[in-house]
Amino acid sequence: MKWLLLLGLLALSECIIHKVPLVRKKSLRKNLIEKGLLKDYLKTHTPNLATKYLPKAAFDSVPTETLENYLDTEYFGTIGIGTPAQDFTVIFDTGSSNLWVPSVYCSSAACSVHNQFNPEDSSTFQATSESLSITYGTGSMTGFLGYDTVKVGNIEDTNQIFGLSESEPGSFLYYAPFDGILGLAYPSISSSDATPVFDNMWNEGLVSEDLFSVYLSSDDESGSVVMFGGIDSSYYTGSLNWVPVSYEGYWQITLDSITMDGETIACADSCQAIVDTGTSLLAGPTSAISNIQSYIGASENSDGEMIVSCSSMYSLPNIVFTINGVQYPVPASAYILEEDDACISGFEGMNLDTYTGELWILGDVFIRQYFTVFDRANNQLGLAAAA
């Protein structure tokens, strides 16, 4: 009997899912609107989603990563770095691979209002001589790389490489609701070839399965979670449908088609899409998005946002993404975002062709509808209707 109990406890320990709660906060865009600064920001920082997905070879010798693409991100979690742990609010971003946070060596105004890592307060920190540069708009964040223990939920990820900022020019990061970014994409797109956090977790035997999953709640504040090392079926209904990853860099898959009202509106001969928790909206080729905006009656307001009549929301059709033969409808109530007294279109245009054609980004608007499993062991995504 004792042996059976021990075997049961062992099996339970091997199936532990490490959950990190995510909190939904006001996005950087909302903060800028409230401060009356969005127009000025957009004049000098033109958001260009395509730059986030350019190959590493397209950049200079110093690794770069764009920041203005996090303008609409709303979901954030807390991690600890160092011994004892210093806490940071980060974006868990499946569209990038590096971890970085502000440091005490940064004298920029943006750093002064965010948590800053102090290496001298950590007994486990190890410095390196490698530099890191993260571009945004007309300036760039510069810093260096170091190693330390990173606590994610109840996982202690030792000897993890991460970036520490020393300079954050420009004013817009001052209003950012996050301190840094924790990338969850493949190591092949990591700046400076730094080992991503999840890879280090797996290499150190800290998770029982080589996968993580994400549930984004539609609730205004709570309920969202990222889970490492397992799948919790209470977060979805029906069964998971598995989709092969087509490029092991981003979490990239093949779309069969995109339709509205039964008509193909884009991706007629299949196309590529990236499932990205670090992008809030649904993004695609500018011409296709322009047609969709016209179809749903969206028009640009003085802040540069595409506005839709709130009264028309429930009469508009679903947009349907067919993936690996399965249809994934996204209703208008999901792709139109209600903000105060306005209704904002959840579509954004960008132009970035892949070797197989046009590229789409399935951001939080999509992920709120579909619980997503990021399976590194089998290089596949699992999708099921969110509970």
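Numbering starts at 1 and runs along the chain as displayed.
Even glycines carry a Cβ here, placed using N, Cα and C.
What Swiss-Prot lists as active site is D93 (among others). Residue environment of D93 (active site) contains 24 other Cβ atoms, counted within 10 Å of its Cβ in all protein chains. The DSSP secondary structure for D93 (active site) is strand.
In the three-state DSSP scheme, D276 (active site) is classed as coil. What Swiss-Prot lists as active site is D276 (among others).
Residues annotated as disulfide bond in Swiss-Prot: C106-C111 (among others). Within 10 Å of the C-beta atom of C106 (disulfide bond) sit 22 other C-beta atoms, taking all shown protein chains into account.
What Swiss-Prot records for C267-C271 (among others) is disulfide bond.
Listed in sequence order, the residues of the same chain lying 6 or more apart from C310 (disulfide bond) and placing their CB within less than 8 Å of its CB are E338, A342, C343. The feature disulfide bond is assigned by Swiss-Prot to C310-C343 (among others).
Residues or ranges marked as domain 'Peptidase A1' in Swiss-Prot: 75-384.
Residues annotated as signal peptide in Swiss-Prot: 1-15.
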#### Entry: Nearest-integer angstrom distance between the alpha carbons (Cα) of D93 (active site) and C106 (disulfide bond)
23
### Message
If I take the Cα of C111 (disulfide bond) as reference, which of the recorded positions C267, C271, D276 has the closest Cα?
### Response
D276
### Query
Could you state the CA-to-CA distance between C271 (disulfide bond) and C106 (disulfide bond) to the nearest Å?
42
